[in-house]
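Asker: Taken from TrEMBL, the feature transmembrane segment covers 49-71, 399-423, 480-505. What TrEMBL lists as domain 'Glucosamine inositolphosphorylceramide transferase 1 N-terminal' is 85-388. Summarising the annotation, TrEMBL assigns domain 'Glycosyl transferase 64' to 523-759.
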């Protein structure tokens, strides 16, 4: 049977019009079986193609919009070498430092207020060592974990597992510190074998240095001897011919005791088994404890070692991992009450280690599974601890979630198309007949799908189309149920698109801090408010307290009954309410000796930005701590001076003022200058007009230096709720600008000779000031 003619057949543009088929084609792109051999009807673009094309277009738009709102457009400056710090299913482990008067009163490094002036780390904060600290181009690292510290003379050496980003295998790396662990210099790879290595337990015996790393994949526990400390180690002997995991030893009661796990032992429970071995010396011979396995229960009971055992006040303690829920969830410590060759008993005691409430924004927000303790000659205890911001297997979970959301999205699109009739299911024909030929030619489908399944596929597609037609007839047109169902499907589809984009392109979802030369620090946030704006403040605290580098939030309370810092706020950091006797905008810059950080972020409680924007601003300030770095640029010029908005500064391609409604500054320097006697007249103007304290600060800082005093950082997005708040002083824009123009005139008289220098946008190499 010949195909009927088509208007396009003469032009030779449509090969469909030149073929015979045992299928009819009601429209292009959609075919159904044709038992009666009727010819197909030529038509334009089919509704099916149009439906799916528009669906893809709409969902692509939603995905791009979601990416624009959620993902930072700025490149992360982690300092990692090329190919390093890649997303890894095992996690993103880092190493931190803790100090205290005893193993049970340890505080994180930032709580000790140690300053490193070279990198503007005031104070320096955890983590002290990350994958970015491994600076080798040929051996980049995905993460660093299992830290062990060895003190030799005035120097500290950090041995750790580093997962090679290229080979995806664990090696033993080493770093060095000359300032009691505040800063570390990566030295290189101390040990690399053909199998995975981790848990590098280092000890000294009879004047020689030894390392006992975990290499259970090789089936034994090996001992290495230093031939050129700390980078050269040679195999010394095999201690135990069993695949022991996380082996640590300690000398106690005249014997050497080795704690380890053997998950290859019959009936052994993963992460829930513990064995003990005993020997007269660390070189052996080692014999099993008569009660082995000492533990063999749930993984949450802390059986697997979480670092080396330690002795405190004559008592022996063992560190264990709680792996309930995820591998390495938290550390537990046990007091070893009885330890002999024939008996063992331990009881859990509290470690009192502070747990972060910042979740993925904290370097150890999700888990911590290893600690190594040392007592310094001064009597102080120091510990290196690893931590991770994501659970084990997070990449697999993300991809599985994204795949499920994508499947849901495709299913919803097909179902809606079937029910509405705009998106029918179709398959290509099994065979076609060309003009002038009496033989049918098979299409690609029988080659791709086994012949016995071809008929089933067509039956399934046909059944789907009939089901869609049946549902379409049952649903009354223009009914309430039809509109609600459509809305529900639309919402579900949009949510699915967001989940897909976030799962496949959102990395670990954390907004990491930006280090300066590998060092992290913290700052204090200051918000000035009063009782009518409490709801603003509660949202402010809940959001910003989760940002990685926020140390404390100080609320300057100007009027009304102050809130309870514990009961009224959901905060991940300490909240301090500073009640002021007078309602004055000058209170924002009042010197506060209780602020522990050098950097403060003055941020109004009606401005919402991402944590990534905050962290970028903090990094920019640490690079130039003598400047005020902020997010709201203004250009003040004219004769007389006139106050204008940011659009004017953009139109003139420059700025000379940064509003302190969102700005970083050195609190010690800026606050003292603001409350200097020379600024008294300016503060009086602020009290008189109840405005312009931020303008006054700009004049004061410009009067203190001939160099640059302000710097701008562009936020990815910012929401100013003052425009919709009835309690904001800037709600009346015209009146607000008139007052500020008046302030400019009066400040110019007070600070004669003070020049607000203009600076161009896009002056930073990273283009953060675009």
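Cβ from N, Cα, C; glycine included.
TrEMBL does not curate its annotations; it predicts them automatically.
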Asker: Cβ under 8 Å, sequence separation of at least 6 from the ends of the transmembrane segment (399-423): give me the contacting residues as numbers and ranges.
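Answerer: Tertiary neighbours of the transmembrane segment (399-423) are 47-48, 50-52, 55, 59, 464-465, 467-469, 471-472, 475, 486, 489, 492-493, 495-497, 499-500, 502-504.
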Asker: Against which stretches of its own chain does the transmembrane segment (49-71) lie, if we need a Cβ under 8 Å and a gap of at least six residues from its ends?
Answerer: 28-29, 409, 413, 417, 420, 422-423, 493-494, 497-498, 500-502, 505-506, 717
Asker: With a Cβ cut-off under 8 Å, give me the same-chain residues at least six positions beyond the ends of the transmembrane segment (480-505) that come close to it.
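Answerer: Same-chain residues near the transmembrane segment (480-505) but 6 or more away: 59, 62-63, 66-67, 70-71, 398-399, 401-403, 405-406, 408-409, 412-413, 415-416.
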Asker: On the 0 to 100 pLDDT scale, where does the domain 'Glucosamine inositolphosphorylceramide transferase 1 N-terminal' (85-388) sit on average?
Answerer: 97
